[in-house]
Number of protein chains: 2
Amino acid sequence: MDPETEFIDQIALFAALLCGCIVIGHLLENSRWINQSITALLIGLGTGGLILFTSGGKSSRILEFKQEFFFIYLLPPIIFNAGFQVKKKQFFRNFMTITSFGVVGTLISFGIISFGATRLFPILDIGYLEIKDYLALGAIFSATDSVCTLQVLNQEETPLLYSLVFGEGVVNDATSVVLFNAITKFDLSDMDLYIALEFAANFFKLFSLSTMLGVLVGLLCAFIIRTLYFGRHSTDREVALMILMAYLSYITAEVFGLSGILTVFFCGIVMSHYAWHNVTHKSQVTTKHAFATMSYIAEVFIFLYVGMDSLDVGKWRFVNDSPGKSIWASIILLVLIMIGRATFILPLSYISNLIRRDRNEDIGIKQQFVVWWAGLMRGAVSIALAYKKFTGSGQTIQPANALLITSTITVVLFSTIVFGLLTKPLIRRLLPQSSQTEPSSPTSSTTPLLENGHDDPENGNQGTLRTKLSLSMLLNSPTTTVHYYWRKFDDACMRPIFGGSGFVSYATGTRDMDVIH
Amino acid sequence: MDPETEFIDQIALFAALLCGCIVIGHLLENSRWINQSITALLIGLGTGGLILFTSGGKSSRILEFKQEFFFIYLLPPIIFNAGFQVKKKQFFRNFMTITSFGVVGTLISFGIISFGATRLFPILDIGYLEIKDYLALGAIFSATDSVCTLQVLNQEETPLLYSLVFGEGVVNDATSVVLFNAITKFDLSDMDLYIALEFAANFFKLFSLSTMLGVLVGLLCAFIIRTLYFGRHSTDREVALMILMAYLSYITAEVFGLSGILTVFFCGIVMSHYAWHNVTHKSQVTTKHAFATMSYIAEVFIFLYVGMDSLDVGKWRFVNDSPGKSIWASIILLVLIMIGRATFILPLSYISNLIRRDRNEDIGIKQQFVVWWAGLMRGAVSIALAYKKFTGSGQTIQPANALLITSTITVVLFSTIVFGLLTKPLIRRLLPQSSQTEPSSPTSSTTPLLENGHDDPENGNQGTLRTKLSLSMLLNSPTTTVHYYWRKFDDACMRPIFGGSGFVSYATGTRDMDVIH
């Protein structure tokens, strides 16, 4: 069979499996245990097993996973959609807590996993690992995957909890990838204070530049659509421009060695805040759902692939001699993950509660447990980072590297399936009120934020803010105050230029007739 | 620079160029001459020239065009969208004429081009070509590209003309690709009557099987969405399933050696007739515009690439010694294309007018000229087919093959730019009424069918049909009669199972509250 025909066969099988995942995921929607990710993972495992069986143990995959494929095509739509659909009011209200969990927390988690691995792995006698490898391990296993938990949490009933888990998930993704890139690029062989400081400076430079680039591209897109009045001629062109500019922001960040994830996330936020209000009503509906759909397909694709790939014999060959080591390594990593999360959730929640002062918004012990639990799962980002680090140019031939790959797969499979299956019953027990309603929004399973994502700022937050603002409040809640001044600035300077809800531009006169429904 | 970094740079540049094409295309929307395809082609040429200049004449492209890429990723969304957005009533009303133009016409065109090339090319002394090569040439150059003309024609004012050009374009694409595949697969070295008959039988088998597969997948999708009541849980899942099943139909056809183009086209028609009515209102808006956007991006991508690729030095190297031959070959091909089209448009229009009997629907001489003109342009399909045939495994090293590639590029560039620039003024002169209004629909530039694509069958055609039907009408207009019986069958058997407009299933009860607007 020539490679082209084979490739077409592979794509056909993969497309069929994706369709199967969607249908079965739909049928299991109301199940007590299973969710979409686990479904895809199990279908992937099943298919992998079947291929392994029919090929006589030679192969378990249809397509070969290239980590570039993941980072270039699958991750951008997921992260962009996360930014685009995020409930901005909640996100920015809890901005400090989210950032502290997502950045400081991830760094603490990273430190504990790296340190623990440095101490415990030599006992296993798995072969020599450099300091860089341990640090990379820390970064790989601090990348959480909170999709499972988000599917169970109810945004309307527990808005604070939801925004914490969601926000931490996104910022955590970005932090761990930035961290990972910083580690692989830096020479950390002889660590001293100077190098550590330089590393930290580099990390923050990456962080801020990436954010700025995303904001800039988002604003540019809003500006172009607004000034050139795109809706006049074509809805499709508006949608196409938004998709392409979002992707452009991601790929430009990658070209300049920045974090595409952060860039495209902020690009999504800015686009939904400005550009989205400049397009026709039809484009608004289309972009909302089309972005969510792309993200959904990418997510199912990843879990399906991870399931199929985890049975790949090539990776397990080197572990055959010492299966015990791989299992012990996985257990160590799982324990370190649990300790790492506990170490930062408790103190950071305590600090956050101190700063907030509003007792109604306290993060209680049950909520802390849910946040902790939500971040225990490991997913596609960990797999992709591990592949990037420990495979390629024949590196898997080294036993230590092969073992780390298999341990990563084990941790991802175990945490997604076992922890994932426990999530629904556990959260319903902890947060009993959420058990009365449907677990997921009727209109969108992956992004329950969808419907209310673009809230009108005119008749919500701002009115109450203006009347309540006083000196004591300014001292008590710095975040809210920052939010108030941002709103003022936004109304006075940004929205007249870039558009946004409440500012009907001449360009979208037609849109607003549509919008009355 | 390592290949991965280089690849990311290439993608970034390409994404930026695509954005540029969209913005410039929007700005030139009202131009007297230029249209989106020409814009993309010129930007591609410009960028290619710039790269050629900066790289010191080494390369003119960013990415390398693989013909699989075109056939696997870019063509399916374009053709699927064509089927999905086609105004079914018009399409099936003119079904006989469209099919005769698209199938019989393309075969005549193919015969004339092949025969002409067999006689004229040996005079040029370009090297030895087999009979198979000449036949392939015929297939390559009977694939028209009527996008340019469609952008100028007004669907509301000249519905017959529009549906003829549009319908012929799609059927022609399918016919030429099926023909091309049949030629490359068949051993035609010693042609006799038996082989010719077998070839014809094979061609029609491909044609009917492909159509059936598309219809089947479309019905299956409608059935799944209807019975499983997808909208209950998630809009995104509905949209994802429609996208994936459409793609699955294409790729399955390719796996079984059928024509993916025909399959996905009919899958699109069936999906828009049944499945589209089973999804929520939001999914309806999203699918309409998302499919149009994907198709739009794919189209711009192709023209941009063709422009950039046409300056590739590798292809022109072998022609350097004898530039005259390449120019003469291009001129011969262009003349053959013009003769080929004229040969079938005139007699087939005459026959069509005879059968129709309704003098108001006659295809007049001006309309025949427009149909003829619309099919003179050659585009991406020709390029892709030429690459498939004459490159790969170092075939371009043969001077004859290299010359055929450069001639193809020349014909495509010349016809798209020169004929394309003349299209707008020419059609406005021929059909003066269309010059009063805007040339393109305000909501969608690529698919002016969009808004009215899903017409309600209840309050249109059928009522009048039922009252007028009589024996004389049955004899006079067989197409209309077939249409009438199909409607009856559709209402009685198909729609109760697969859904469709007018049949509100229990599944979409929520949708219909939405729909009143």
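Just so it is clear, glycine is given a Cβ too, placed from its N, Cα and C backbone atoms.
These numbers come from a predicted model, not from an experiment.
Annotation source TrEMBL lists compositional bias 'Low complexity' at A:433-451.
Residues or ranges marked as domain 'Cation/H+ exchanger transmembrane' in TrEMBL: A:17-428.
The feature region 'Disordered' is assigned by TrEMBL to A:433-463.
Taken from TrEMBL, the feature transmembrane segment covers A:12-28 (among others).
Annotation comment: TrEMBL describes A:40-57 (among others) as transmembrane segment.
Positions annotated as transmembrane segment by TrEMBL: A:69-86 (among others).
Proximity of distant same-chain residues to the transmembrane segment (A:98-122), defined by a Cβ-Cβ separation under 8 Å and at least 6 residues beyond the stretch ends, is recorded for 91, 129, 131, 134-135, 137-139, 141-142, 163-164, 167-168, 170-172, 174-176, 179, 207, 329, 332-333, 336-337, 339-341, 343-345, 348, 351-352, 371. According to TrEMBL, the feature transmembrane segment maps to A:98-122 (among others).
Per TrEMBL, transmembrane segment is recorded for A:203-225 (among others). Within the chain, the transmembrane segment (A:203-225) has long-range Cβ neighbours (under 8 A, six or more residues past its boundaries) at 103, 174, 178-179, 181-182, 231, 238, 241-242, 245-246, 248-249, 252-253, 256-271, 273-275, 278-279, 497-500, 507.
The annotation transmembrane segment is assigned in TrEMBL to A:259-277 (among others).
Per TrEMBL, the feature transmembrane segment maps to A:289-307 (among others).
Annotated transmembrane segment per TrEMBL: A:327-348 (among others), in sequence order. Counting same-chain residues at least six beyond the ends of the transmembrane segment (A:327-348), those with a Cβ under 8 angstroms from any Cβ of the stretch are 97, 100-101, 104-105, 108-110, 112-113, 116-117, 120-121, 124, 126, 137, 141-142, 368, 371-372, 375-376, 378, 403-404, 407, 410-411, 414-415.
What TrEMBL records for A:369-387 (among others) is transmembrane segment.
The transmembrane segment annotation in TrEMBL covers A:399-422 (among others). Sequence-distant contacts of the transmembrane segment (A:399-422) (same chain, at least 6 residues past either end, Cβ-Cβ under 8 Å): 33-35, 37-38, 41-42, 45, 126-129, 133, 137, 140-141, 145, 148, 303, 306-307, 309-310, 315-319, 325-327, 329-330, 333-334, 337, 373, 376-379, 382-383, 386-387, 390-391.
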Q: Count, for each of A:12-28, A:40-57, A:259-277, A:369-387, the Cβ pairs lying under 8 Å from the transmembrane segment (A:69-86), and report the range with the highest count.
A: A:259-277
(Q) Before we move on, state whether the transmembrane segment (A:40-57) and the transmembrane segment (A:259-277) share at least 3 Cβ pairs under 8 Å, counting only pairs 6 or more apart in sequence. (A) no
Q) Do the transmembrane segment (A:12-28) and the transmembrane segment (A:369-387) share at least 3 Cβ pairs closer than 8 Å, excluding pairs fewer than 6 residues apart in sequence? A) no
(Q) Would you say the transmembrane segment (A:369-387) and the transmembrane segment (A:289-307) are touching, if the rule is that at least three C-beta pairs must lie under 8 angstroms and be 6 or more residues apart? (A) yes
Q | Long-range neighbours of the transmembrane segment (A:369-387), counting only residues six or more past its ends (CB under 8 A) | A | 37, 65, 67, 70-71, 74-75, 101, 136, 139-141, 143-150, 153, 161, 164-165, 168-169, 172-173, 176-177, 180, 302-303, 306, 309, 337-338, 341-342, 345, 349, 363, 404-405, 408-409, 411-412, 415-416, 419-420, 423, 426-427, 430-431
